[in-house]
Amino acid sequence: MTAPRHFLDLSDFTGSTLRTILDAGKAMKARRRTPEAAKDRPLDGRVIALVFEQPSLRTRMSFDVGVRELGGSPLMVTGKEIELGEREAIEDTARVMSRYVDGIMIRILKHDALKELARHATVPVINGLTKTSHPCQVMADLMTFEERLGSIKGRTIAWTGDSNNVLASWVHAAARLDFTLRIATPPELAPSNELVAWAKGEGAAVELTSDAFEAVDGADCILTDTWVSMGDGEKERRHNLLQPYQVNSKLLKAASRDAIFMHCLPAHRGEEVTAEVMDGPQSAVFDEAENRLHAQKGVLAWCFDAIQA
Ligand code: CP
Ligand code: NVA
């Protein structure tokens with residue numbers, strides 16, 4: 001039996017495979033709701049479990065719709081129902097689920113649990129967000145950047161705020177797709193030594209600072225995310241530390257004139273981003289949310305061998 005094609009982290013892939021997946025998603029987006037879309041049915045007759053231990057709007061709906069558009073049937077399961085790693089060994093859950101469904105998309109905070117599930121599943125497993133990474137989000141972000149501003153190769157992307165799961169997937173992408181990623185965080189909330197060492201080992205152009213203005217200077221894109229991610233404590237401390245990293249008009253002006261603003265959502269106006277930026281002409285946040293659907297259709301097509309890469 002050949003190994004299933006899991007989609008766990010962008011760091012597992014070559015730049016060329018990521019590019020092929022993105023191109024497939026882009027092509028399906030162009031064909032969507034045309035007679036041509038009839039050929040995009042790699043999931044015909046297949047059932048894909050969508051498992052959520054945490055809340056979700058975008059991931060839940062975009063996977064549900066994407067699976068249906070590709071000819072498959074989604075099967076929604078909440079974490080409470082299966083109590084992964086609690087009712088039985090994760091490897092047993094993986095084996096049992098693999099007998100019923102053709103693929104598993106899961107949102108679970110524990111990255112090790114995701115990896116354990118994938119190790120024992122005989123069907124593709126897709127990471128729908130862990131505390132460590134959010135690769136599907138960054139595939140949509142890459143698609144959005146390139147739709148707006150062309151190839152990301154050689155460009156400068158700035159991240160300001162907390163260093164979290166979305167940022168980690170951006171670091172992985174920087175190593176694979178050859179762009180510069182400048183990261184501004186308070187020293188107390190800087191990326192882990194492990195992630196920084198990984199980026200260095202891969203020769204990625206990842207630069208760290210604690211100054212948001214230094215990070216965004218002349219950048220093609222400013223990214224941020226919530227100050228309090230799922231599973232985080234110390235809300236007040238985080239708010240105090242992160243205040244200087246807010247994306248506001250003054251910060252946006254320090255970026256390139258054509259720079260776009262991106263945020264994976266859900267966002268909090270007045271906290272990590274002002275309403276003026278979030279709802280302003282340089283904001284690409286709703287295209288980004290839409291592109292979750294299209295980028296993930298590329299991911300699903302790859303997982304189910306409908307594209308060669
Ligand atoms: N961006 C994102 O993953 O959103 P949800 O948490 O709503 O799925
Ligand atoms: N960093 C956020 C992303 C939500 C989509 C979180 O983990 O809560």
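Just so you know, glycine gets a Cβ as well, placed from its N, Cα and C.
Where the annotation comes from TrEMBL, it is an automatic prediction and has not been curated.
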From the candidates R237, R238, R292, give the one listed by TrEMBL for the same carbamoyl phosphate site as R107, H134, P135, C136, Q137, C264, L265.
R292
Which of N165, N193, N248 does TrEMBL put in the same L-ornithine site as D225, S229, M230?
N165
Which binding-site residues among P135, N165, D225, S229, M230, C264 have CB under 6 Å of ligand 2?
N165, D225, S229, M230, C264
Quick check on the binding-site residues: of Q137, N165, S229, whose CB has the lowest count of neighbouring CB atoms inside 10 Å?
S229
Binding-site residues close to ligand 1 - of Q137, N165, D225, C264, L265, only those whose C-beta is under 6 Å away:
Q137, C264, L265
For R107 (carbamoyl phosphate binding site), what is the tally of other C-beta atoms lying within 10 angstroms of its C-beta?
24
